[in-house]
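Colleague: What TrEMBL records for Glu30, Glu272 is active site, proton donor. Residues or ranges marked as active site by TrEMBL: Asp163, Glu297. Taken from TrEMBL, the feature disulfide bond covers Cys226-Cys258. Feature annotation from TrEMBL assigns Ca(2+) binding site to Thr383.
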Amino acid sequence: MGLMDEYNEAKEWVETSLDLNSNGEASLFEVNIRYVGGLLSAYYLTGEEMFKRKVMVLGEKLLPAFNTPTGIPRGVINLGSGTSWSWGWASAGSSILAEFGTLHLEFVHLSELSNNGIYTEKVMNIRKLLNKIEKPHGLYPNFLSPVSGNWVQHHVSIGGLGDSFYEYLIKSYLMSDKTDEEAKKMYYSALEAIEANLVQKSPGGLTYMAEWRGGILDHKMGHLACFSGGMVVIGADDGAPEKRQHYLDLAAEITHTCHESYSRSATKLGPEAFRFDSGAEATATRLSDRYYILRPEVIESYMYMWRLTHDPKYREWGWEAVEALEQHCRVEAGFSGIRDVYAQTVSHDNMQQSFFLSETLKYLYLLFSDDDLLPLEDWVFNTEAHPLPVVRKSCQQGEGGIHDKTTSE
């Protein structure tokens, strides 16, 4: 963006103040998508060796989480001591699909940069186990025991707990320069199961993805699940040719539904979760679902839909979101989430989540930029919107630097 002063200040902070030995609980998943992803991107975008050194140290610190009977990592790690454990709230000490399923992109790059296959091996091992076990109706439940390697509950969601696992399947395929056939196969069969079991149409004609609890559908969609419009559209070209138009339509319908969740609120910002039952459509019926914490997923789908269809409505919808953010979320020190998107007078929660800068604003910036800024054929965004270069094996030569192997120019 040309913000060189801010970049230099941040670079100096990373060099001198980023403590990778902190004793305390850290989420393996969050550290991976935010810190590992952020440092990798910073390295690929600038070529600055310090970012590479930092990310190599950090990558190694995550490995102890994988020391389980199945190789499925535990969710929490102490970076200082290397001990890891499962989240207290996760049923029966299980690991969470979205967490252990959202490591692949970053770990492949850790292996690329370190010339050490251990990282790729760890994530391929997760995939091997997932391929081996029985999936109810072809679906992937959200909880898996890292000890037995069995599903713990039959709760399936494209929103929280499940979401980015699916996104990383299609993105692994795209990031591999379309050579990772296994990821491709897993993605399209998962999508087929999702369409067969979760995709619904409301009486008012809105397409949404319900949640599945042991065979019973819960007709709600979380804001987090709104990334799926973008996911379906980036995979539209590589599935069966006769399904291409179907996927483009499905992506457009889901993105439209998510836009409706914004346009049906007083603030024109969408709630954390919205329902499709007892007459309600694309609106939050529970008080506890009415908040908006500056989440990016709806805007993320606008950006991908714009890049792949160039339908001007996606930029119009993005601009509506910009105006709503300015009007309702801008405060003296930055931007704040709001407690109720349906209230005429907003109440701020006084928090600016880090994903607001990393994702929400970045996707808005890209939505209004030319397609050749981080072109989708050369870059894949991790789930925290950190761009990672496509790994092109064809031009790999000996000990040449990473720039021989990946397109990041």
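Positions of Cβ are set from backbone N, Cα and C atoms, glycine also.
Bear in mind that TrEMBL entries carry predicted annotations, made automatically and left uncurated.
Keep in mind that this is a model prediction, so the values were computed, not measured.
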Colleague: Quiz question: given the disulfide-bonded residues Cys226, Cys258, which has the greatest number of C-beta atoms lying within 10 angstroms of its own C-beta?
Modeller: Cys226
Colleague: Looking at the active-site residues Glu30, Asp163, Glu272, Glu297, whose Cα is closest in space to that of Cys226 (disulfide bond)?
Modeller: Glu297
Colleague: Would you mind reading off the Cα separation of Cys258 (disulfide bond) from Glu272 (active site, proton donor), to the nearest angstrom?
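Modeller: Each residue's Cα considered, Cys258 (disulfide bond) and Glu272 (active site, proton donor) end up 11 Å apart.
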Colleague: Counting only residues 6+ apart in the same chain, whose Cβ is under 8 Å from the Cβ of Asp163 (active site)?
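Modeller: Residues satisfying the criterion: Ala98, Ser157, Leu224, Ala225, Phe227, Ser228, Thr383.
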Colleague: Who sits close to Glu30 (active site, proton donor): which same-chain residues at least 6 apart have their Cβ under 8 Å from its Cβ?
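Modeller: In sequence order, no residue meets the Cβ cut-off.
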Colleague: Pop the Cα-Cα gap between Glu272 (active site, proton donor) and Glu297 (active site) into the table, whole Å please.
Modeller: 11
Colleague: Of all the active-site residues given, Glu272, Glu297, which residue's CB has the most CB neighbours within 10 A?
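Modeller: The most densely surrounded of these active-site residues is Glu297.
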Colleague: Starting from the Cβ of the residue listed as 'Ca(2+) binding site', draw a 10 Å sphere and report how many other Cβ atoms land inside it.
Modeller: 25
